[in-house]
Amino acid sequence: MKKSGLLNPDLCYAIARLGHTDTWAVADCGLPIPEHVEIIDLALVFGIPTFEQVLNALKPEVVVEGAVIAEGAPERIREMVDTDVEVVTHEELKAQLAECAFVIRTGETTAYANVIFKSGVAF
């Protein structure tokens, strides 16, 4: 058993496969995800886990060099993202999901609580 950090094996594997500039997303429970994109579904019930809980667990595990959020994203979601942010329409964000390596589905019920992250490098 792992001693610390992420425990979900699918999530650990997906993160380990990321390369520089690969994109991935953290999404609310209602975001339509393209069929061909891997979904790592962490949602248990509405509101659990929250976007913030998932993002806080991910931050020590990944290197991020940029992010994309939709125009309607709440300010609290923007404040959680510790990198340069590009703001696009919600439709453009949904279109960009098609290029993501995977999407992490949370139990978040806040509208537009969706962020696409661009992987950086640790060196």
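Glycine is no exception: its Cβ is also placed from the backbone N, Cα and C atoms.
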Given that Swiss-Prot annotates HIS90, TYR112, ALA113, ASN114 as binding substrate, state which candidate in ASP28, ASP41, ASP82 belongs to that site as well. ASP28
Taking the Cβ of TYR112 (substrate binding site) as the reference point, list residues of the same chain whose Cβ is under 8 angstroms away and which are at least six residues distant in sequence. ASP28, ILE69, ALA70, GLY72, ALA73, PRO74, ILE77, HIS90
Number of Cβ atoms other than its own within 10 Å, given for ALA113 (substrate binding site): 26
